[in-house]
Structures are given as C-alpha cells and as structure tokens.
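According to Swiss-Prot:
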type	residues	note
BINDING	GLY174, GLY179, LEU196, GLY197, GLU198, VAL199, ALA200, MET201	S-adenosyl-L-methionine binding site
SITE	ARG59	site 'Interaction with substrate rRNA'
SITE	ASP61	site 'Stabilizes Arg-59'
SITE	ARG100	site 'Interaction with substrate rRNA'
SITE	LYS103	site 'Interaction with substrate rRNA'
SITE	ASN107	site 'Interaction with substrate rRNA'
Amino acid sequence: MILVLAESALELVPREIWSHPAVVADARRRGKKPGGILLDRSRHHPAMAVLLDSRRRGRPDIVHQALLVFQYSLLAARGLGRMYIHTLGDYVISVDPSTRVPKNYNNFVSLVEQLFATGRVPPEGRPLMEIRRQGLRDLLTELGGRWVVMHEAGLRIPLVQLGKEVLDSVVVIGGFPHGDFNNKWVLEEAAARYSLGEVAMDAAQVACRVVAAAEAAAGLL
C-alpha cells in the first residue's frame, strides 16, 4: 500500500508574516530566522489571520501523527508500504519505509525544517526523507495513475473488505484540518472512494484504520 497524505498543512512561515511579533518571538526563541521555521497555528495564530485559506494551514501535527501511524506499522516494517506527503504548497516529501520519525513533536518540527533547508535528511548517505517541488497530479501519475480516496462521502464497506481493496493500492487521505480537497479531480477521477463512517475523522485516525485493515489483509495481524 502506498499512502499519500494530500494537501497537507505543512509549510515554512510565509514571507508576508515574517515580521509579525508572534513569528519574530518564536524564531528568536529558537535561534532561527522567521523564514526557516514551520508555520504552526498553536504558535502563530495571531499572525495567520491575513493568510489566504488560513483555516487549512499551519498544522504540522497532522502530518506528524499520520507519519507515526504509518512509519511504525507492520506494513512499513515488512516493506509492504510507503508514504508520501503532498503539501498545500505543492511540495512532495518521500519517506523511506525504514525511517523512524521522531516521536517527540518538537524534534519532528526541527527535522522537517532541516528537510526544507537541505532537501533531504540526513544531508549525506542514504536519504531517509527527501523533498521536491511536485504537484499532486504529477505525483499520482508517477505512482501509476490509479488511486482510491478515503472520504466521508465515499462507499462504506466492512474493514475486512477495505483491507483487500487498499493493500495493493495508492490510498489518498486529506492532510488538512478543515474543508475538502481543493483539487476536486482527486475525488472525481479516483478509482474508488471509501468511507469509514458518516463522521469525519482526523487524518491519523483514518490512517490508523486503513493501515490496520491492510495489515490484516496481508496476514500480518
């Protein structure tokens, strides 16, 4: 299974709010420049009101939680899965299945800031994470051009059946806190849309259930 966390709320602080007191104070506290730190609503909320589509931005924690679910899964450990993160700003982060993402959130933030600065981590040797400019459509085409989407308006099927459907598929989950996909074609052109119920779930909750279903289908549980 290939998991794609799409339109994720992960980005560096944009230039238009570099001079905001909340951003300046956070950057100074961490000994970094304003443009070199991750946008985080929990720290930069007062500054984010001027940003376009601000409700969908500044949530690195969503990416962190989903990564923890996938990277520590049996799928990843057995080499049966891989995860990609597509950001709202059209960057793609590829994650090696062997990568052990920091469980501490602050350490994760520092790692991703380094990734944005250097393009890969670690800087030398075999990369565990790499980042590049790439749109979502290009990524999905690169991965075979066929995908399924987890979406509350999709078809609800038993978890046993879901596991069989997603085990060998590219699975797209939204990495944003509110709303729906900006790229409507993701839903319209998907091979299938599946739901875990009528209630919208956090990305990590969806990832957890999808991963567990795939693990069961693979005979790992």
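Glycine is treated like the rest: Cβ placed from N, Cα and C.
Where Swiss-Prot records a feature, it is marked here on the structure.
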{"residue": "ARG59", "record": "site 'Interaction with substrate rRNA'", "contacts (Cβ under 8 Å, 6+ apart)": "ALA9, LEU10, ASP40, ARG41, PHE176, PRO177"}
{"residue": "ASP61", "record": "site 'Stabilizes Arg-59'", "contacts (Cβ under 8 Å, 6+ apart)": "ASP40, SER42, TYR105"}
{"residue": "ARG100", "record": "site 'Interaction with substrate rRNA'", "contacts (Cβ under 8 Å, 6+ apart)": "GLN71, TYR72"}
{"residue": "LYS103", "record": "site 'Interaction with substrate rRNA'", "contacts (Cβ under 8 Å, 6+ apart)": "LEU68"}
{"residue": "GLY174", "record": "S-adenosyl-L-methionine binding site", "contacts (Cβ under 8 Å, 6+ apart)": "LEU5, ALA6, GLU7, HIS151, ASP180, PHE181, ALA203"}
{"residue": "LEU196", "record": "S-adenosyl-L-methionine binding site", "contacts (Cβ under 8 Å, 6+ apart)": "MET150, GLU152, ARG156, VAL206, ARG209"}
{"residue": "GLY197", "record": "S-adenosyl-L-methionine binding site", "contacts (Cβ under 8 Å, 6+ apart)": "GLU152, ARG156"}
{"residue": "GLU198", "record": "S-adenosyl-L-methionine binding site", "contacts (Cβ under 8 Å, 6+ apart)": "GLU152"}
{"residue": "VAL199", "record": "S-adenosyl-L-methionine binding site", "contacts (Cβ under 8 Å, 6+ apart)": "GLU152"}
{"residue": "ALA200", "record": "S-adenosyl-L-methionine binding site", "contacts (Cβ under 8 Å, 6+ apart)": "GLU152"}
Three-state secondary structure, GLY174 (S-adenosyl-L-methionine binding site) (per DSSP): strand
For S-adenosyl-L-methionine: widest Cα to Cα gap among GLY174, GLY179, LEU196, GLY197, GLU198, VAL199, ALA200, MET201 in Å: 17
Rounded distance in angstrom between the Cα atoms of ASN107 (site 'Interaction with substrate rRNA') and MET201 (S-adenosyl-L-methionine binding site): 26
CB within-chain contacts under 8 A for MET201 (S-adenosyl-L-methionine binding site), separation at least 6: GLU152, ARG209
